[in-house]
Structure formats: structure tokens, C-alpha cells
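Trainee: Take this structure first; my questions come after.
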Ligand code: B16
Ligand code: MG
């Protein structure tokens, strides 16, 4: 196995809990359209693009035959509500342990990249004041295919100038884990083992595990991280 040279981070659900804001905004749209939208339905939207998320919501509500213009209008409306939450964010909203872990990796000479499906990634990085923590940023504005397509991860590796097999990805979504695996990368799942079964290591969050231990687990591709958190 090749050594690990770069860490590629998903954004929503890994570095910041914007997944909650996405859910609230989609739920508001569903309410306006007259149906219920649950957290279970929302799980399928994680990591996929805005328009694919809308298709999932419309399928749940049985809303068929909407024109492309109407769909664009609904997605834009949801995004405006979502951005209301983003504007309220401050650097304190970075998920516990994420900054410490990224800084630790960088001190160890490991390169870092962002690989997010979100077109709002630049605003989020700016609000959290973490743009400088990434050597490369690839987001929804620079990819044509959404996760589980590997494009966003392959572009991140290309921008870093590092072979995909030398990258480890941190992901909270099934679509993201799948995309990273298809890119030939190894994955640390952030969340629940039953949802992120294909990841090599799963932890419930960065504070569950000391950076030094998580890094050793990744380097050894050991199963020791499995003992941490709820997994
Ligand atoms: P936007 P990630 C993804 O971000 C979210 O997980 C997903 O729920 C969302 O639909 C997608 O971004 C697009 O977001 O509407 O802001 O462009 O997890 O890949 O960082
Ligand atoms: Mg995510």
C-alpha cells in the first residue's frame, strides 16, 4: 500500500454542520409544496448536487411533471433560505476537532484539499475563516458530475499533484464514500458505521479520537479507530 500524502475533506457534515441547514431549508420547501419530508429522506440528499437533491424531494412528494424552469425556481428558493443560515455562521461553527486535526496534518507535511459538492463552499470557507487551511479547493462550481461520480476527488488530487492512491478522504455521506472509492482513494467515514459501511475506518467525529492516533490508524490502515466513538 502506498504511503498517505494528502487528506481530502468533504465540507458539509465533516468540517461544518451545514447538513442541518440543508435539511431545514428542504423541509421548508416540502411544507410549502404540501408534504412531509423526514430526516430519513434527507439522508439520500447528503453529498449529492442541489438539483439531484431537489429530484429526491419531488419524488418523496410525488410531484411529477414540473417544468425545468419551475425546478430551477424551487432550487433557487431553497438556496436563498439555506443562505440565510450560512450568513449567521461564524468561525465558532467549525465542527469540534476539525481545525485541530487539519492543523496537525499540515504540521506533519500532509497536504490538504477540499472536495465538496456545494456551490456555496466559498461562502462557508470564508465565514469559518478556514480558506487558508486548504492547499486546493474543488467544489460544486468546478465539477460537472456530482458524487458518487469520482470527479471532485480526482480533481482535488490533480490540483495537489498527488496520486489518488496516496489520498485519504474524510466523508459523511454514502455518495461521497462511493465517489472516493471510485477515485481509488481510502476513506475515513465521519458518522455511523451502518451508513458508511464502505469506509476503511469510521469515527463518529474528530473529537472522538486524538489526531495522533487517527493518523497512525490511517497510516497503518489499522482497525484501531473502530474502537473509538460509537462504532
Ligand atoms: P449547494 P458536501 C453537499 O456538500 C451537501 O452534502 C449536499 O446535501 C448538497 O446538496 C450539495 O453539497 C450541494 O450544495 O446547494 O450548497 O450547492 O457534503 O459535498 O460538502
Ligand atoms: Mg458531506
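Glycine is treated like the rest: Cβ placed from N, Cα and C.
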Trainee: 10, 11, 12, 26, 53, 78, 116, 117, 118, 119, 120 bind substrate according to TrEMBL; which of 145, 147, 155, 159 goes with them?
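Mentor: Among the candidates, TrEMBL records only 147 at this substrate site.
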Trainee: Fewest neighbouring Cβ atoms within 10 Å: which of the binding-site residues 171, 172?
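Mentor: Comparing Cβ neighbour counts within 10 Å for the binding-site residues 171, 172 gives 172.
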Trainee: Which one is it: of the binding-site residues 53, 116, 118, 120, whose Cα lies the shortest distance from the Cα of residue 10 (Mg(2+) binding site)?
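Mentor: Its closest listed neighbour, by Cα, is 116.
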Trainee: As a check: which entries in 53, 116, 118, 120, the binding-site residues, place their Cβ less than 6 Å from an atom of ligand 2?
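Mentor: Near the molecule: none at all.
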Trainee: Output the one of 116, 120 that, of all these binding-site residues, has the highest number of other Cβ atoms within 10 Å of its Cβ.
Mentor: 116
